[in-house]
Every structure is written in structure tokens, then in C-alpha cells.
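For 1-103, the entry in TrEMBL reads domain 'Thioredoxin'. Among the features that TrEMBL reports, site 'Deprotonates C-terminal active site Cys' is placed at Asp22. For Cys28, Cys31, the entry in TrEMBL reads active site, nucleophile. Per TrEMBL, the feature disulfide bond maps to Cys28-Cys31. Residues or ranges marked as site 'Contributes to redox potential value' by TrEMBL: Pro29, Pro30.
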Amino acid sequence: MVKQITTKSFEQDIQSGVTLVDFGATWCPPCQMMEPIIEELSDEFSGRANVSKVDVDESPELAQQFNIRSIPTVILFKDGKLVDATLGVQPKKVLSDKIESHL
């Protein structure tokens, strides 16, 4: 299951292990295209990596903090540090490989 991250929970949610965060919005068609991919990644990496979402409309502070200018943007964190970022819709394999490389 994909966890929805808010500004309040963000620091705690990314502080340990590998966490993929999908920054998007409900009204964004490309973000909607990413939803099933993000769900599949969450299932595939359950127990090994965290897969989460941030709605940029609900948490604009996070979008600003990470300079999100276009959505979807997927950011990968390891132990609280940003290690990778990808803009736009990406194939599952690309994101899966990125997660694997940081486990």
C-alpha cells in the first residue's frame, strides 16, 4: 500500500531505509498514469523499501522545499538523504532499478 506523506510526517517517513516519493496531484493526467506503477512498486518492495506519495496541492511546502516545478516528479531518499530524482512518467523498470541500486 502506498503511504500518503504530509509536510508534518515527511521527515520521519524518509529518515530510515530507502524511500521512493512520488510528487503529484489528483488533477494531473501524467500523475494518474503513474498511480498503477507506484502501487506495483509498493507491493514489489514491501518490507524492503517504502513507496509513498505527496500531493503537491495538499503539501505545497514540500513541493517548494524540493523545487518541484513539474509533476510527476519521483524522488528517491536513502536514510533521509536525496539520492536520485526523475521527472515525468517513467516505466516501472526504471524506478525499480533505481530502488534496487540503493538497497
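Even glycines carry a Cβ here, placed using N, Cα and C.
Given the structure is predicted, the values throughout are model-derived calculations rather than measurements.
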DSSP-derived class (H/G/I helix, E/B strand, else coil) of Pro29 (site 'Contributes to redox potential value'): helix
Entry from the recorded positions list Asp22, Cys28, Pro29 having the most other CB atoms no farther than 10 A: Asp22
Neighbourhood of Cys31 (disulfide bond), C-beta criterion under 8 angstroms, separation at least six: Asp22, Gly24, Ala25, Ile71, Pro72
Nonlocal residues around Pro30 (site 'Contributes to redox potential value'), in sequence order (Cβ under 8 Å, 6 or more apart): Ile71, Pro72, Gly88, Val89
Helix, strand and coil counts within the domain 'Thioredoxin' (1-103) (DSSP): 37 helix, 28 strand, 38 coil
Local confidence of the domain 'Thioredoxin' (1-103) - pLDDT mean: 96
